[in-house]
Amino acid sequence: MRLILLGPPGAGKGTQATIIKEKFGIPQISTGDMLRAAVKAGTPLGLAAKKVMDEGGLVSDDIIIGLVRERLQQPDCQAGYLFDGFPRTIVQAEALKEGGIPLDYVLVIEVPDEEIIDRMSGRLVHPASGRTYHVRYNPPKVPGKDDVTGEPLVQRDDDREEVVRKRLAVYHEQTKPLIAYYEAWAESGDPAAPKVRKVSGLGPVEEITRRILEALAG
Ligand code: AP5
Ligand code: ZN
């Protein structure tokens with residue numbers, strides 16, 4: 001299975017990705033998690049990316065494409081992969097296409113803007129694994145602790161309301177057009193084009209997983 005999870009910030013891409021990757025035994029390629037790891041490690045890339053991320057902007061296409069290209073070389077990508085938060089611009093999507101990277105599905109998780117702010121303000125993450133919780137909608141078993149390791153959960157630096165609003169604006173301007181891009185490709189009749197599937201991201205996490213698995217079966 002080779003797929004892209006597309007959707008606004010807070011749509012539940014990361015939450016669903018951790019479940020779907022287990023079902024299919026494929027790696028999750030989250031450019032956001034990769035960038036946050038670089039920030040934490042204090043690499044030159046991390047230092048440059050942190051400022052952009054904290055402002056809710058997008059890291060340059062060249063950097064992102066380089067990161068993904070390198071990641072795809074690793075042997076665990078042979079059986080498939082799940083892109084989470086990539087591609088995010090037409091330039092990134094074109095790079096995937098020109099690189100001949102096979103894709104089966106583009107799965108769009110739809111959530112209205114009003115819901116997003118509420119979700120982000122309650123989000124907690126386990127930085128080492130990327131596991132994501134919500135204080136009310138998806139609480140950890142022990143408050144403030146990761147279910148698997150028991151390590152502390154933290155808030156993301158870019159989950160402040162004004163930054164979330166900026167990220168939403170960037171999504172509408174630069175990433176949402178990818179839906180029409182992939183639909184047009186699918187309609188062109190090119191056998192290499194991935195199928196586009198849309199599911200509502202509103203409702204309990206398990207219900208959305210069920211919708212996604214159903215969409216990926218058809
Ligand atoms: P990235 O990490 O990709 O962030 P994002 O796309 O903004 O998405 P999020 O991770 O915020 O949301 P999500 O959809 O994963 O939702 P989650 O499952 O966590 O990118 C961060 C930054 O890195 C970007 O702003 C940019 O600067 C840079 N970047 C990354 N990739 C890039 C690229 N390709 N090009 C350029 N720059 C790039 O869920 C959110 C919350 O909701 C959680 O608390 C969760 O528990 C809760 N929740 C989940 N499902 C439900 C549900 N069904 N009901 C209620 N609550 C739910
Ligand atoms: Zn995410």
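Cβ coordinates come from backbone N, Cα and C, glycine included.
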Using only what TrEMBL says about ATP binding by Gly10, Ala11, Gly12, Lys13, Gly14, Thr15, Arg123, Thr132, Tyr133, identify which of Gly189, Gly203 is listed for that site too.
Gly203
From the candidates Arg136, Arg167, give the one listed by TrEMBL for the same AMP site as Thr31, Arg36, Gly57, Leu58, Val59, Gly85, Phe86, Pro87, Arg88, Gln92, Arg156.
Arg167
Starting from the Cβ of Gly10 (ATP binding site), draw a 10 Å sphere and report how many other Cβ atoms land inside it.
26
To what whole number does the mean pLDDT across the region 'LID' (122-159) round?
93
Spatial neighbour of Thr31 (AMP binding site) that is closest, considering only the binding-site residues Gly12, Gly14, Arg123, Tyr133 and their CA atoms
Gly14
